[in-house]
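What Swiss-Prot records for Cys232-Cys234, Cys266-Cys269 is disulfide bond, and it gives sequence analysis as the kind of evidence.
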Amino acid sequence: MSHSDQSQRFLFDDTDVRGEMVDLERSYSEVLAKHPYPEPVAQLLGEMLAAASLLCGTLKFDGLLVLQARSSGAVPLLMVECSSDRQVRGLARYSAESIGADAGMQELMPEGVLTLTVDPVKGQRYQGIVALEGVNLAECLSNYFASSEQLPTRFWLNANGRRARGLLLQQLPADRLKDPEAREASWQHLTTLADTLTAEELLALDNETVLHRLYHEETVRLFEPQPLVFHCSCSRERSANALVSLGQADCERLLEEEEGSISIDCQFCNQRYLFDASDVAQLFAGAGSQGPSETRH
């Protein structure tokens, strides 16, 4: 069974419903390798990576999709990005001493808020906000789509610190089925079947097996899988631009406080970018941002 990181789309030929499945191993492992997350945090972060990848697969755009959850609990921040090029990255901030071994989403992130942002290269930025309610992230996202003016969409998510998996079903505008009652009956039928899939099966089975297990009596068209990879968009140039935005006076003050070298660390991948006095002088002289080579923690 192949576990290569991928998203795979499928359609039901006899009704107006499409689906997407996501499988993340290597990219999920690379995200977790950057920080020593407790197991419950790693699991929730994996579910968010799968969810963002699923959502990105339903959109036709050139840009970035961001899922961000904030709370007043042990995990004040979870943030995941997926680009239209199917590149993912993610991070979490947490207080380890207050996290139980079996803590769920509501224990980790009480009174939380989930923000979905679609930021296209061209066009208008979209943002939706919903309370982080429900037993788990899949229920929260499903409730968000049910309560907003979006296409009805359901999610099934699971992660175990090694593999993150997701299944999405989305009802499309009326085409094959025009009758509202027939559309609703078809939607309820397909989602009810998906509800019989256990979390263990979602993690253990490949896409074709999952679809056969659920929909062997339906006509399902499975498309070619699309690769997903971990990629961090940080760069020395972006770090230099951040310093320029601070202004020369603040940068010179930082140089004094940091004993002659400013370091900027990427919170996603732990890459560190160093700028000495000569680099800072070049930035504000308009001579570019080239300087010492990058080093890691």
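Cβ coordinates come from backbone N, Cα and C, glycine included.
For the pair Cys232 (disulfide bond) and Cys266 (disulfide bond), the C-alpha distance works out to 9 angstrom. Listed in sequence order, the residues of the same chain lying 6 or more apart from Cys269 (disulfide bond) and placing their CB within less than 8 Å of its CB are Lys34, Arg89, Cys232, Cys234. In the structure as shown, the Cβ atom of Cys234 (disulfide bond) sits within 10 Å of 19 other Cβ atoms.
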